[in-house]
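Shown next, in structure tokens, is the structure this report addresses.
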Amino acid sequence: MNDFIKKIVDSNYDEIVAHRRYLHENPELSECEYNTSKYIEEFLKKQGIEYRKVADTGIYAYIKNGEGKTVAFRADMDALPILEESDFEIHSKNKGVMHACGHDIHTSVQLGVAKILSENLDKWKGNVKFFFQPAEETVGGAKRMLEDGVNDDFKADAIFAFHVAPEIDAGKIGVKYGKLHATSSTFTITVNGFSAHAALAYLGIDTVVVGAKVVEYLQSIVSRRIDARECAVITVGTFNAGTAQNIVADKAVLTGTIRTLTLDLKKWIVNEIKTNLPKFVESIGATVDIDFKDSYIPVINNDEKTKFLEEKAIDILGIDNVERIEKSRMDAEDVGYFLDVIEGSFYRLGVRNEKIGAIYDLHHPKFKVDENAIRVGMMVQLKSALEFLNEN
């Protein structure tokens, strides 16, 4: 099986790299992936793969090949509002929009896997689902795809997906048992005070001062109200107040995020803020309005499916090219919605190569990948699919 996978991946590699480069040159923002969606549709039609549009710009494709199990794959396809500054030979043609999170790699690998499986039906039995997902960076396209019934027709028995990893060398992958990514929520806190002339500040309630105390209060939650063995991060990302340099600000607006590895802890933090922040602010003479919005649930890998993935990856890549990730990450990823309803594993695909300058982190304007990672991603995904579908 390994020889077949390596040979078929090599024979398709140039074509899939070409797909990746087209996607990289033509990035689209979340919920605006219309050209990307059309590009994928045309590819699927050419391959004779059935599909339907979901979640506006998303695509759910599937191959039915007799009785058997069902495996699913997921690739997000949206880009970021970033002006590209990488020294790679191709660049975004859409100024101010860039695939700085590697979703072009995710999508192209999935196109390659779909092509190879559709052209080699004699190598497997069962069903394969392909989720081409929009809006990972914003509103959570994964949840919307599930609401549109992508797993309701015939349910997947397993799902395997990955994210490019600039901290792991190209040629390798990283696997994580249990919790990989945090759950997150966003907040908007509006502090209301009273305006006054700066020379007569005592006549007003200065929301810059109150807002600063709000920041201190929020940071004290993690350091003094939560067990140090728990993981939580509260970040105030924006703080806007005032209209002029000589006027006491009557309003301050703070926005930020809450990230934890469990939903229970996040709920506790939200309740703590809702209950005690108004009292704290009122004690200084101001009032506060608080708005929370849930973002993503945690990404929790299934141990059995992760062990399966790890073993298959070691078999085809070699033990030196499969790393164990020990620490959970505090960034969020909406693949957690798929993993919440389908047992599976989300792993990290190495794209780092210092020799070519592929050293920058995700969301950086100079972000760059070693395209050989495409070959590795296809090999691991195909190995997982074929072994899973063919095992008794």
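Placed from the backbone N, Cα and C atoms, the Cβ positions cover glycine too.
Curation plays no part in TrEMBL annotations; they are all automatic predictions.
Feature annotations, courtesy of TrEMBL:
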type    : residues                     : note
BINDING : C101, H103, E137, H163, H363 : Mn(2+) binding site
DOMAIN  : 184-277                      : domain 'Peptidase M20 dimerisation'
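Here the features listed in TrEMBL are placed on the structure.
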residue : record              : contacts (Cβ under 8 Å, 6+ apart)
C101    : Mn(2+) binding site : A79, L80, E137, V164, L362, H363, F367
H103    : Mn(2+) binding site : A75, D76, M77, D78, A79, E136
H163    : Mn(2+) binding site : G102, H106, E333, V335, F346, Y347, R348, L349
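Here the Cβ of E137 (Mn(2+) binding site) has 20 other Cβ atoms within 10 Å, regardless of which shown protein chain they belong to. Listed in sequence order, the residues D76, D78, L80, H99, A100, G102, E136, L362 complete the 8 Å Cβ shell around the Mn(2+) site centroid, once C101, H103, E137, H163, H363 themselves are left out. Residue density at H363 (Mn(2+) binding site): 13 other Cβ atoms are found within 10 A of its Cβ, drawing on all protein chains shown. When DSSP labels each residue, the domain 'Peptidase M20 dimerisation' (184-277) comes out as 40 helix, 35 strand, 19 coil, counted as helix, strand and coil in that order.
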